[in-house]
Amino acid sequence: MPQLPASDHTDGTRFFNPPAIRPDATPPGRMRRLSILKWQWNRPKSDWPAWIGNPPPKGDPHTRPAAGTVQVTFIGHSTFLIRLPRPDGTALSILTDPIFSLRCSPFSFMGPRRVRAPGRALADLPRIDVVLVSHAHYDHMDLPTLRALARRGDDPLVITPLCNARFMRRTGLRRIMELDWWQSVAIPGLQVTCTPARHGAARTPFDRNRSLWGGFMLRDGAGHRLFFAGDTAHGRHWGLIRERLGAPDIALLPIGAYDPRALMAGVHATPEEAVAGLRQLGAKHGIGMHFGTFRLTDEPMDEPVRRLARAVQESGLPPDTMGVMDHGECRDIAWRQPDDA
């Protein structure tokens with residue numbers, strides 16, 4: 001990591017979660033290596049299936065989104081294809097945290113293995129214009145997938161938080177732009193702003209928090225907003241994002257990989273916390289992600305979806321305010337109308 005100017009989330013050599021985004025003023029808990037090793041050694045036997053088939057995919061991600069909508073296709077884990085209509089009749093295609101590999105691991109023969117195929121094959125997607133990579137963890141920054149994207153010849157712009165480009169330069173992707181929290185980049189028809197997340201990053205035992213993590217707010221030319229949270233725990237950053245960037249029309253929020261809480265509370269949100277985050281963001285509509293693809297933690301495979309439905313019901317929000325999409329499902333989602341604000 002190059003020496004950076006110190007800020008509220010870096011001392012110049014490592015990044016950290018500042019007090020302003022924690023849920024309260026208590027010091028952050030650390031995921032100490034010994035505790036992690038003990039947990040991994042003593043983990044309960046998995047009740048996840050070895051493999052599960054996806055339902056037949058719904059919708060066609062090659063069609064132009066309907067007027068007044070954004071097209072969202074859930075591919076799995078934190079990978080979405082987002083398509084924004086352009087005035088010329090085409091669509092801008094954005095891919096989030098793309099992972100199509102069998103494992104999220106530095107090794108092809110060990111590490112968390114997916115229990116279902118990607119909802120759409122990479123070869124079946126339209127041309128990709130923008131790739132968002134939220135941080136360096138293997139389930140979000142998958143270098144084999146990025147190499148495959150480079151071989152397709154789409155030449156997308158890759159947008160990622162600070163100090164992540166070094167990992168991706170050998171993938172063959174030529175255009176990689178790093179952003180600090182709250183920095184933005186504008187391309188025709190789209191503004192992308194990197195936002196805080198409460199998480200961490202590492203690709204080896206020796207580079208902990210030497211690259212930044214974050215989410216992204218997308219704003220189209222008409223002022224519509226879609227928020228992709230990346231990977232994050234619950235915190236006050238939801239409210240800060242709304243204050244500085246406005247309430248999103250749609251929020252893609254993580255709901256899985258949360259148990260055991262003693263280790264995961266500082267890095268992964270529960271479904272209940274995702275609903276709280278949705279309310280603090282002021283989003284009209286939420287879609288859950290980061291569940292049901294890789295067994296990263298101890299909760300049962302179907303628990304995040306069940307808990308999310310219950311949390312929405314108990315919150316008093318309309319039942320369709322937040323839910324999940326089927327793997328492979330492609331859906332046109334209406335932007336917020338002026339009288340919805």
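Heads up, residue numbers simply count up from 1 along the chain you see.
Using N, Cα and C of the backbone, Cβ positions are placed for all residues, glycine too.
Positions annotated as domain 'Metallo-beta-lactamase' by TrEMBL: 94-291. Marked as region 'Disordered' by TrEMBL: 1-28.
Looking just at the domain 'Metallo-beta-lactamase' (94-291), the mean pLDDT is 98. Across the region 'Disordered' (1-28), the DSSP tally of helix, strand and coil residues reads 3 helix, 3 strand, 22 coil.
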